[in-house]
Amino acid sequence: MRILVVHGPNLNMLGTREPGIYGTLTLDRINESLVALADELGCTISPFQSNSEGALVDAIQAAAGTCDGILINPAAYTHTSVAIRDALAAVALPVVEVHLSNIHRREEFRSHSFVAAVAVGQITGFGADSYLLGLRALFTHIEKGIVTKG
């Protein structure tokens, strides 16, 4: 099983960017933790980060036929990108959306997610553990062969 892990804009700045909100772990450390969990579960991950909406859409589209699911933190694009939402729907893979902070407890504009409508589920507010919980949930969902539509 292969999972695409998509990290949206500004996540390359983790560790130094607003640590009171996003924590002190770097994106590299989060990816290392995801690789370790993937090894434990018996799957592989392909992490991808970009600050560019188009590059994120390209990576999502490339997952069709090569990946079994997508774990995504769309970051700020959560609240603005119909293009990312449509790309996720188009590839028709199971998607789990994750966020480091609880987007529903922050500014009002952050509480709406375009991605949620095409995701199997959303895990938010557990810091870096949101990624690990999301990977475990996505793996289990795929293993059980649950069919979902985005």
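Quick reminder: no glycine exception, Cβ is built from N, Cα and C everywhere.
Features reported for this protein in Swiss-Prot:
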type	residues	note
SITE	Arg17	site 'Transition state stabilizer'
ACT_SITE	Tyr22	active site, proton acceptor
BINDING	Asn73, His79, Asp86, Leu100, Ser101, Arg110	substrate binding site
ACT_SITE	His99	active site, proton donor
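Shown on the structure are the features that Swiss-Prot records.
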{"residue": "Arg17", "record": "site 'Transition state stabilizer'", "DSSP (3 states)": "coil"}
{"residue": "Asn73", "record": "substrate binding site", "DSSP (3 states)": "strand"}
{"residue": "His79", "record": "substrate binding site", "DSSP (3 states)": "helix"}
{"residue": "Asp86", "record": "substrate binding site", "DSSP (3 states)": "helix"}
{"residue": "His99", "record": "active site, proton donor", "DSSP (3 states)": "strand"}
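Comparing Asp86 (substrate binding site) with the residue listed as 'active site, proton donor', their Cα atoms are 19 Å apart once rounded. Local packing around the Cβ, expressed as the count of other Cβ atoms within 10 angstroms, is greatest for His99 among the recorded positions Arg17, His79, His99, Ser101.
Geometry remark: Arg17 (site 'Transition state stabilizer') versus Leu100 (substrate binding site), CA distance 12 Å. For Asn73 (substrate binding site), the number of other Cβ atoms no farther than 10 Å from its own Cβ, over all displayed protein chains, is 25. Of all Cβ atoms in the shown protein chains, 14 besides its own fall within 10 Å of the Cβ of Asp86 (substrate binding site).
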